[in-house]
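A.B. asks: Feature list, courtesy of Swiss-Prot:
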type: TRANSMEM; residues: 20-40; note: transmembrane segment
type: TRANSMEM; residues: 90-110; note: transmembrane segment
type: TRANSMEM; residues: 118-138; note: transmembrane segment
type: TRANSMEM; residues: 141-161; note: transmembrane segment
type: TRANSMEM; residues: 192-212; note: transmembrane segment
type: TRANSMEM; residues: 221-241; note: transmembrane segment
């Protein structure tokens, strides 16, 4: 029986509805951790102020690329920018690793008929977090490099590696073996993965657009709320990909 996107969407939404309390709490916890790490390690406002561009320089820098703008910065400005980028990347990486590890553990426990809370899922995921951290760090680095050169290579790499966290968690594979297996399965099932990932990217971009316009709440609270919504979108995508992999797994194991 062929695998259809409608079946996967239905199964994913059913799982999300049945486990909404645990998934919502997991999304909120990881969003809170990400925002708190970001605020804790972010440079002080005095240091950030040196990154501000005078109004008369905005029009002159409008036609410059990002690399050209960075090259025109002073060494002090470049160091502050590097620290800001490193803190943002580190905070997002930690939050994403906890979200992915906790959610994959939650899915596995529920599949075995066990009920676990969000905190229990994170606790039970601790043994797999180091491998997930390395995998997601490498994946993030490679995807960012792809996006730097052109958008299409970055998106293609993201699609290729989309199943790797699930594979490295469920199979006794090394990180690079999981990435290779993910690429093979992903490109063999592009019609099922690409629409889901494009929808996920669209939701992420919409939330990114709303951040600067969400002025009803204090900035920190607004960031946590929007990060939670972003995590929920990622959770739904991960449930979808997990369900897809479980259906593909017997076939993929037979070919190995």
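Backbone N, Cα and C define each Cβ position, glycine as well.
How about a rundown of where these features are and what they're close to?
C.D. replies: Counting same-chain residues at least six beyond the ends of the transmembrane segment (20-40), those with a Cβ under 8 angstroms from any Cβ of the stretch are 87-88, 90-92, 94-96, 98-99, 102-103, 106, 116-119, 121-122, 220, 223-224, 227-232, 235.
Long-range contacts of the transmembrane segment (90-110) within the same chain, counting only residues at least 6 positions beyond its ends with a Cβ under 8 Å from a Cβ of the stretch, are 15, 19, 22-23, 26-27, 29-31, 33-35, 37-38, 41, 116, 118, 121-122, 124-126, 128-129, 132-133, 136-137, 140, 165-166, 169-170, 227, 231, 234-235, 238-239, 242.
Proximity of distant same-chain residues to the transmembrane segment (192-212), defined by a Cβ-Cβ separation under 8 Å and at least 6 residues beyond the stretch ends, is recorded for 3, 5, 8, 155, 158-159, 162, 186, 222-223, 226, 229-230, 233-234, 236-237, 240-241, 244.
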